[in-house]
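Q: Handing you this structure, nothing more for now.
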Amino acid sequence: MENRSDFEADDYGDISWSNWSNWSTPAGVLFSAMSSVLSASNHTPLPDFGQELALSTSSFNHSQTLSTDLPAVGDVEDAAEDAAASMETGSFAFVVPWWRQVLWSILFGGMVIVATGGNLIVVWIVMTTKRMRTVTNYFIVNLSIADAMVSSLNVTFNYYYMLDSDWPFGEFYCKLSQFIAMLSICASVFTLMAISIDRYVAIIRPLQPRMSKRCNLAIAAVIWLASTLISCPMMIIYRTEEVPVRGLSNRTVCYPEWPDGPTNHSTMESLYNILIIILTYFLPIVSMTVTYSRVGIELWGSKTIGECTPRQVENVRSKRRVVKMMIVVVLIFAICWLPFHSYFIITSCYPAITEAPFIQELYLAIYWLAMSNSMYNPIIYCWMNSRFRYGFKMVFRWCLFVRVGTEPFSRRENLTSRYSCSGSPDHNRIKRNDTQKSILYTCPSSPKSHRISHSGTGRSATLRNSLPAESLSSGGSGGGGHRKRLSYQQEMQQRWSGPNSATAVTNSSSTANTTQLLS
């Protein structure tokens, strides 16, 4: 191997910083940025090897994997030898100053813990509580799974890769890590679009049948299937290569190798990345802006003719709360990823920007902001939804500063009253059957509606009012006894304290409700 202190431009093209700033390979800038900052902190010039070894992935890959920008397919060995030879002209210690290691460890470690733990708690709350198993919440579970995947299976390993500049996890996981990154972001974005469409249909066209659980699962399957197909190239183009470094042990790099040429010089890569940025950012943002704008006009801009029942009013308020929460989720997504995409579009048009002295630290901040999007959704759910908030309190009730309290009752069950007795002060409606007769008492002085039913085979009283959901529900038509219907609060307490505790809460609350009704 011929020792050369510098790469020849004729053989290897432009290996300057701007070459790594191409928007089609944004993550390629990250390790170069850290290398430049590292070199500047040691007051030593950055050798060519520091520019040759760089993170290079697709523009929406959610990852930062160290890789080599190879000159051409089949020249891997020559590029590695030339990179190693260039190390003879300077020293490049793959060591980040300790204070920067602490800083980035806090930022990335905190992000991984909050994103993974928070999203898994959201999944647990929905899947273990019957009252939370709604169409929108199932989509939220899908979104949480995708966010938990990228934070635990991709960010964690890439953070180690950033610090040590070595990929010790093997070639298979090099491929799998990039595949998971692309799969997760596609699934997240498509799920957000599905939620916006579901809210649009439910609010704009309320007479259409609501989405069934089977349809919900089918849509989730289509989302993951489409995301898998889009992410498949990651399993094909990524590979690992061992690169010798003078004075240090060999380093293994994980990099993309496109069939028609190296990264930054591949037409296939450019077309693929353009498709990805359209499908996973611009198209979803436009789609969700249109749907939520139409929904917002319907919920906040339209007026109802005539008087509304309290339940109708509360239904509108409930829909507004859900839409507000999802709009915040979409806004956070757009804000987190806008600087990321803007950076690479701008630097592709104006490469000179990449020579600015502050560009390295700026990119690190932009990258962390984009990756941190996965940790904000659980915080938003806990902040804007009382049931998710109660579920989080139950999980962290062992903390001294957490007070569980009582869960707000279901508003849909709280308001079962109807102001329908404007004609006469009192009226009774009696319905007789062979096995059952029911009497409905409606009183204008109270919004409460009491219904007492007696079965023919056995006697069981059911009192339904506008108070909590802890009221009793009658047993089957032929059973005789009665069974208690657990509220959301009781379901959560039963998960943590056992059935005896939930039964005690049910009995006490039911007795209180019955006393209040009869009084």
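Backbone N, Cα and C atoms are what each Cβ position is placed from, and that goes for glycine too.
Pasting the relevant annotations from Swiss-Prot:
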type	residues	note
TOPO_DOM	1-100	topological domain 'Extracellular'
TRANSMEM	101-123	transmembrane segment
TOPO_DOM	124-134	topological domain 'Cytoplasmic'
TRANSMEM	135-155	transmembrane segment
TOPO_DOM	156-175	topological domain 'Extracellular'
DISULFID	Cys174-Cys254	disulfide bond
TRANSMEM	176-197	transmembrane segment
TOPO_DOM	198-217	topological domain 'Cytoplasmic'
TRANSMEM	218-238	transmembrane segment
TOPO_DOM	239-270	topological domain 'Extracellular'
TRANSMEM	271-292	transmembrane segment
TOPO_DOM	293-324	topological domain 'Cytoplasmic'
TRANSMEM	325-346	transmembrane segment
TOPO_DOM	347-361	topological domain 'Extracellular'
TRANSMEM	362-384	transmembrane segment
TOPO_DOM	385-519	topological domain 'Cytoplasmic'
LIPID	Cys399	S-palmitoyl cysteine
REGION	444-519	region 'Disordered'
COMPBIAS	500-519	compositional bias 'Low complexity'
Q: Rank the recorded positions Cys174, Cys254, Cys399 by the number of other Cβ atoms within 10 Å of each Cβ and report the first-ranked residue.
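A: Top count of Cβ atoms within 10 Å goes to Cys254.
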Q: Kindly state the mean pLDDT of the topological domain 'Cytoplasmic' (293-324) in the predicted structure.
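A: Averaged over the topological domain 'Cytoplasmic' (293-324), per-residue pLDDT gives 78.
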Q: Can you tell me whether DSSP puts Cys174 (disulfide bond) in helix, strand or coil?
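A: Reduced to three states, the DSSP call for Cys174 (disulfide bond) is helix.
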Q: Quick check on the topological domain 'Cytoplasmic' (124-134): DSSP residue counts for helix, strand, coil, in that order please.
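A: With helix first, then strand, then coil, the topological domain 'Cytoplasmic' (124-134) has 7 helix, 0 strand, 4 coil.
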Q: Between Cys254 (disulfide bond) and Cys399 (S-palmitoyl cysteine), find the distance joining the two CA atoms and give it rounded to the nearest Å.
A: 42
Q: Could you tell me the C-alpha distance between Cys174 (disulfide bond) and the residue listed as 'S-palmitoyl cysteine' in angstrom, no decimals?
A: 39
Q: Who are the long-range neighbours of the topological domain 'Cytoplasmic' (198-217) in its own chain, taking Cβ under 8 Å and residues 6 or more past its ends?
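A: Beyond its ends, the topological domain 'Cytoplasmic' (198-217) has Cβ neighbours at 133, 135-136, 138-139, 291-292, 294-295, 298-299, 319, 322-323, 326.
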Q: DSSP-wise, what's the residue breakdown of the topological domain 'Extracellular' (239-270) into helix, strand and coil?
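A: The counts are 4 helix, 18 strand, 10 coil.
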